[in-house]
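Participant: Okay, so TrEMBL annotates it like this:
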type: DOMAIN; residues: 26-474; note: domain 'Major facilitator superfamily (MFS) profile'
type: TRANSMEM; residues: 21-39; note: transmembrane segment
type: TRANSMEM; residues: 80-98; note: transmembrane segment
type: TRANSMEM; residues: 110-129; note: transmembrane segment
type: TRANSMEM; residues: 135-157; note: transmembrane segment
type: TRANSMEM; residues: 169-187; note: transmembrane segment
type: TRANSMEM; residues: 199-220; note: transmembrane segment
type: TRANSMEM; residues: 282-306; note: transmembrane segment
type: TRANSMEM; residues: 318-340; note: transmembrane segment
type: TRANSMEM; residues: 347-369; note: transmembrane segment
type: TRANSMEM; residues: 381-402; note: transmembrane segment
type: TRANSMEM; residues: 423-443; note: transmembrane segment
type: TRANSMEM; residues: 449-470; note: transmembrane segment
Amino acid sequence: MAGGLSVSAPSGVEFEAKITPIVIISCIMAATGGLMFGYDVGISGGVTSMDDFLGKFFPTVLRKKNEDKDSNYCKYDNHGLQLFTSSLYLAGLTATFFASYTTRRLGRRLTMLIAGVFFLVGVVFNGAAQDLAMLLVGRILLGCGVGFANQAVPLFLSEIAPTRIRGGLNILFQLNVTIGILFANLVNYGTAKIHPWGWRLSLSLAGIPALLLTLGALFVTDTPNSLIERGRLEEGKAVLKKIRGTDNVEPEFNEIVEASRIAQEVKHPFRNLLQRRNRPQLVIAVLLQIFQQFTGINAIMFYAPVLFNTLGFKNDASLYSAVITGAVNVLSTLVSVYSVDRVGRRMLLLEAGVQMFLSQVAVAVVLGIKVTDHSDNLGHGWAIMVVVMVCTFVSSFAWSWGPLGWLIPSETFPLETRSAGQSVTVCVNLLFTFVIAQAFLSMLCHLKYAIFAFFSAWVVVMSLFVLFFLPETKNVPIEEMTERVWKQHWFWKRYMDGDNHHIVDGKITANNGASV
């Protein structure tokens with residue numbers, strides 16, 4: 001089998017490879033970057049619903065929460081509170097530009113190590129925060145870690161995994177994101193009862209996944225593709241033998257060397273991304289990130305306790321409900337790990353579109369009828385229905401748009417634009433994550449229950465895009481995407497120009513290296 005970013009033999013016969021313990025261990029260690037990301041996503045919502053935290057950093061929000069003069073939907077509408085959550089993603093967006101350089105020049109492993117160090121320092125600032133400035137510095141450092149981890153980890157996983165389990169192993173990153181969110185929800189449930197410093201414990205425990213990622217990055221080996229790309233050919237071949245579990249790696253090694261040689265000719269990878277033949281991958285990568293955020297998932301995951309509080313759940317009940325949605329998230333991501341390389345990417349996305357649409361419309365209808373500005377007479381039965389519908393939504397996202405939003409871009413870009421493509425993917429994702437995180441509580445205040453109708457309309461749009469424009473990529477070796485996927489697609493084939501050449505900085509080069 002070909003490695004994630006290496007190739008199959010030209011005849012279509014797959015290269016020899018075993019699923020070796022080193023591949024599994026390396027992927028699990030690398031995917032702890034997802035654990036850290038998930039913990040950061042999940043912890044902020046629970047902490048911002050704690051009175052001790054609000055009293056120290058956001059006393060005006062605490063007053064609004066307790067006075068009940070404002071609309072139920074507007075209790076938490078505060079730009080500073082939203083900035084606490086969203087600053088992480090803005091910092092991640094900025095860090096991605098630097099992470100693209102380190103991923104290419106220093107390797108995937110070292111970039112993951114840098115991410116781990118940023119995470120550890122950020123955790124110290126957050127746990128020891130004495131004022132809002134210190135709190136935001138900690139979140140910004142965590143954001144830098146997210147930028148570096150999200151750049152390096154999906155590439156690392158795609159490059160080290162054999163083709164037939166590439167999807168499943170890559171989704172380990174997303175699985176760890178969901179485990180991180182669940183862990184954060186459980187921690188918040190426990191620390192909410194510890195006064196007045198429970199929130200400090202919540203923020204400090206992020207040090208556990210941060211330490212796991214840092215130690216993991218110290219012990220894993222870099223990918224053969226990264227080593228060869230940096231001119232360390234013999235080391236790359238030795239690593240390839242080790243991760244493939246065979247000495248018969250010459251054909252695959254030669255293909256990686258050739259792909260690397262073509263990639264080296266690219267002096268301006270971002271400019272190359274804009275060339276006509278790379279447009280399908282770029283458009284799909286960008287739209288998948290935008291669509292992923294406009295499902296509304298991060299609004300629910302960031303602010304689950306706040307959201308349930310808004311709907312009239314008491315503090316314990318709101319955190320308890322957030323734990324339930326977190327558990328559903330983890331279990332449903334396991335469905336994706338099992339099925340993504342069996343039923344394919346498109347089927348999961350389309351099925352989930354129907355499920356997400358119906359569940360969000362149901363929540364909007366219930367809230368429209370039962371939760372007004374100044375009364376939240378949901379009642380026990382309706383409250384359970386809301387949690388069930390939110391869980392239905394979360395589960396469908398977790399086996400579709402969550403993991404596949406990262407997997408599909410990481411496996412569709414050719415090597416010469418792969419690092420730049422991953423950088424654009426992460427940037428767009430973090431930009432729209434920031435937008436949603438910064439705007440959600442204000443949107444909830446102004447749109448009220450219609451916020452769910454807003455997101456469900458987007459689900460319709462993205463499902464139509466998948467139906468007509470997203471090709472199936474399961475079980476296709478990455479370097480064969482052009483021939484087997486893009487040139488066969490009814491719409492995207494027009495961008496391939498019907499040739500078999502690599503276009504490098506304006507020069508057309510045949511696959512044998514000769515200029516045309």
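Positions of Cβ are set from backbone N, Cα and C atoms, glycine also.
As the structure is a computational prediction, the values presented were derived from the model and not from experiment.
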Participant: Please work out whether the transmembrane segment (169-187) lies in contact with the transmembrane segment (381-402), by counting C-beta pairs under 8 angstroms that are 6 or more apart in sequence and asking whether there are at least 3.
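Facilitator: In contact, yes.
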Participant: Could you name the stretch, out of 80-98, 110-129, 282-306, 381-402, 449-470, with the greatest number of CB pairs under 8 A to the transmembrane segment (21-39)?
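Facilitator: Stretch with the highest Cβ contact count: 110-129.
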Participant: Of the listed stretches (80-98, 282-306, 318-340), which one yields the highest count of Cβ-Cβ distances below 8 Å with the transmembrane segment (449-470)?
Facilitator: 282-306
Participant: Averaged over the domain 'Major facilitator superfamily (MFS) profile' (26-474), what pLDDT does the predicted model reach?
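Facilitator: Value for the domain 'Major facilitator superfamily (MFS) profile' (26-474), mean pLDDT as a whole number: 88.
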Participant: Apart from its near flanks, which chain residues at least 6 from the ends of the transmembrane segment (282-306) lie with a Cβ under 8 angstroms of it?
Facilitator: 41-42, 44-46, 48-49, 76, 85, 181, 185, 188, 273-274, 315, 318-319, 321-322, 325-326, 329, 356, 360, 390, 393-394, 397, 401-402, 404-405, 408-409, 412-413, 421, 424-425, 428-429, 432-433, 435-437, 440-441, 451-452, 454-455, 458-459, 461-462, 465, 469-470
Participant: Residues of the same chain, at least six outside the transmembrane segment (80-98), with any C-beta under 8 angstroms of its C-beta?
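Facilitator: Apart from its flanks, the transmembrane segment (80-98) reaches 40, 44-45, 48, 57-58, 61, 118, 132, 135-136, 139-148, 150-151, 302-303, 423, 426-427, 430-431, 433-434, 437-442.
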